[in-house]
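Trainee: Handing you a structure now.
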Amino acid sequence: MKHKKGLRAAGLIFKYLLLAFLGLILIFPLIYMFFGSFKSNQEIFGTLKLLPESFHPEGYIEGWKGSGQITFGAYIWNSFLLVVPTVALTVVSSILTAYGFNRFRVPGRKVLFAVMMALMMLPASVLLIPRYLLYVSFGWIDTYLVFWVPAACATSSFFVYMFVQFFEGVPRELDEAARIDGCSSFQTLVRILVPLSKPAVISAVIFQFIWTWNDFFQQYVYISSVGKYTVSLGLRMALDATSAIQWKNILAMSVIAMVPCTLIYFVLQRYFVEGIATSGLKG
Amino acid sequence: MKQNALIKKHRYTRRDWSGLLYLLPWLLGLLIFQLYPFVYSFVLSFTDKSMGDSFQILGLGNYVRLMTEDADFWKNVEVTLKYGLVAVPGRVLFALLVAVLLSADMKGINLFRTVYYLPSIFGSSVAISIIWKFVFQKQGVINAVLEGIGLTGPNWLGDPGIALLTISIIPIWQFGSSMVLFLAAIKNVPKELYESAQIDGASRIRRFFRITLPMISPIMLFNLIMQLISCFQEFSTAYVLTNGGPNKSTFLYGIKIYREAFTNFKMGYASALSWLLFAGIMCLSGLIFISSRKWVYHDEA
C-alpha cells in the first residue's frame, strides 16, 4: 500500500517537472527577447547567458526615436487610433446582428444564418483583391476607414456567432417580461441582454483587440504613408531599413509592442479561455 | 409538434420584419464587403485587370499562363504544400499532446495553462517574427546551444535547404486555440467511460486511444480544417523573416499573391491565383471530410 502511494507521488512530481520543463521551453523565446533588449551590443550574440551583465536601457531610448520622421510613440498612438474604434464597432455591430438572428423570426433567417457561417470558412485571400479595388474607388486607401467601416458592418462572422451562442443561453422569458413592462425591442437589448452578456462582450473586446493590434498583412496592404504607420508597420520598417540590424533597438521596441496584449491577457485571462471554449471557434 | 405545423403556415408579423432593422448593417456589409468581392474576384480572374479602369477578357488565359508559363507557380505550390504538411498536423498534434497534459486535475494546473497559451496571443505579429529572426540567426541562441553540445548549427533562415523547415515549425509554437478546444472536449468525455474501462483493466494508453481519441475526434476534424485554411494562406511570418528567399525556398503561395497584386498590380492574374488557392483548400478540406467518415466517431445513441 505504502509502495503504491510512493509511486503515485513520484509520478506526480514527474508530471510537474515535465510540465514546467515544456512550459519553460515554450516561453523561452519571449523571455530571451525580454532580457536581450537590455543587453549591450557585444553581449547580444554568441552568448548563452540569459541575463544581461549590466542593465542597458539604450535600446529603449534609441528605439523610441523611431524612423527619424516619426517616433515609436506615434506608431503606438496610430495603432490605438486604428484598433480602438475597430474593436468598439465590431462589438456593437455584432451584438445588433446576433440580436436580429437570435430573437426575431426574420424572413429568410435560416438562409442568411447559413451564409454567415459559411463565410467563416471562406479564405480571406479570395476577397482581398476586389476589396482593395473597392477601397481604392471609395478613396479609403491609406486611411483607417478600411478597418473601421467593415467592423461597423459585423463582417467577422466569428463574433456574431459568439453572441448568438451567448444570447441563446439567456431565457426568452426575460425579453417577454421587459416587453410587458413597455420596453421596445431596442430597450430590451440594451437593458436586459447586453448587461447579462458582459462575459461575451469582454471576450469579444479581447479577441478583436489582440487580432487587430497584431495584424500585419492588412495594415501592410492598406496603409502606405509613414505618418499613419502602426506598431506592426513601424517594427517591420525598422527591421528592413538598415542592412545591419540594430538588434538592441528592435528587441526593445518589440517588447513594447507586446505590452498591451500581454497586459490584457493577464488581467482578463479568465474570459480569454472561456471565449474560445464557449464559441468553440477560430484558429 | 402541432405547433410546428401551425408555424409553417404562419405569416410574418411586423415584429418579425422589424428584426431586419438589426440585421441591416450586417446585410449591407454582406453585400458590399463579402458577396460582391466574392463574385467580382471570380470575374476578375478571367481578365487582365490592372489598376486602370479598362481591362480585357482573357477567358482562361490567366489560369493557363499560371500553370504553363509562370516560372514560380509550381514552386509556390510545392513550397506551400510542404509547409502545410508540417505546420498543420504539427500544430494540431502538438495542441492535442499539450491538452492531454493540461487536462490533469492537479494543483496549479491553471498557471501552466496560462503560460502555455501565452505565445498564441501574439498571432503572426511582427514582434514574433523578430523574435524568431533573432533566435534563429547564425550566431543566435539556438546555434549557441548546439555549439555548447559540440554541434555546428546550420544557417536556419539563410540556407535554402533548411529555411522552409524552419518557417514550417514556427507555427507549431502557437497551438493555443486548437489546444483550448481539445481541452474543453477532453473535459467533456463522460467520466463513467474511463471508470468502467479501468475496471476492465485497460491501460492508460489504451484508454486514451479507445476512449479519449474517438470522443474528441469531431474537434480534431474541426481543428484540422481551420488550421488548413489558415496555414495555406500564411503570409506574414514568412514574408518578414525571409521574404520568400533564400533562392525562393520559402516562396509561399500567400507571398506570390501579394507580389502579383501589390507589387506588379496584376489584379486579374492575382485573382486567378487566389481562386486556385481557394479551390485547393476546398479539395484538401473535402479529402479530410471524406476520410473523417472513417475516423470521426459519431454518437449513435
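The backbone N, Cα and C atoms fix where each Cβ goes, and this holds for glycine too.
TrEMBL labels come from automatic prediction, so no person has curated them.
Owing to the predicted nature of the structure, the values given are computational and were not obtained by experimental measurement.
The transmembrane segment annotation in TrEMBL covers B:20-43, B:83-104, B:116-136, B:162-186, B:207-229, B:272-290. Annotation source TrEMBL lists domain 'ABC transmembrane type-1' at B:77-288.
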Trainee: Sequence gap of 6 or more, Cβ distance under 8 Å, 3 or more pairs: do the transmembrane segment (B:207-229) and the transmembrane segment (B:20-43) meet that?
Mentor: no
Trainee: Where, among B:20-43, B:83-104, B:116-136, B:162-186, do we find the most CB pairs under 8 A to the transmembrane segment (B:272-290)?
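Mentor: The stretch I would name here is B:20-43.
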Trainee: At a threshold of under 8 Å on Cβ distances, which of B:20-43, B:83-104, B:116-136 pairs most often with the transmembrane segment (B:162-186)?
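Mentor: Ranked by Cβ pairs under 8 Å, first place goes to B:83-104.
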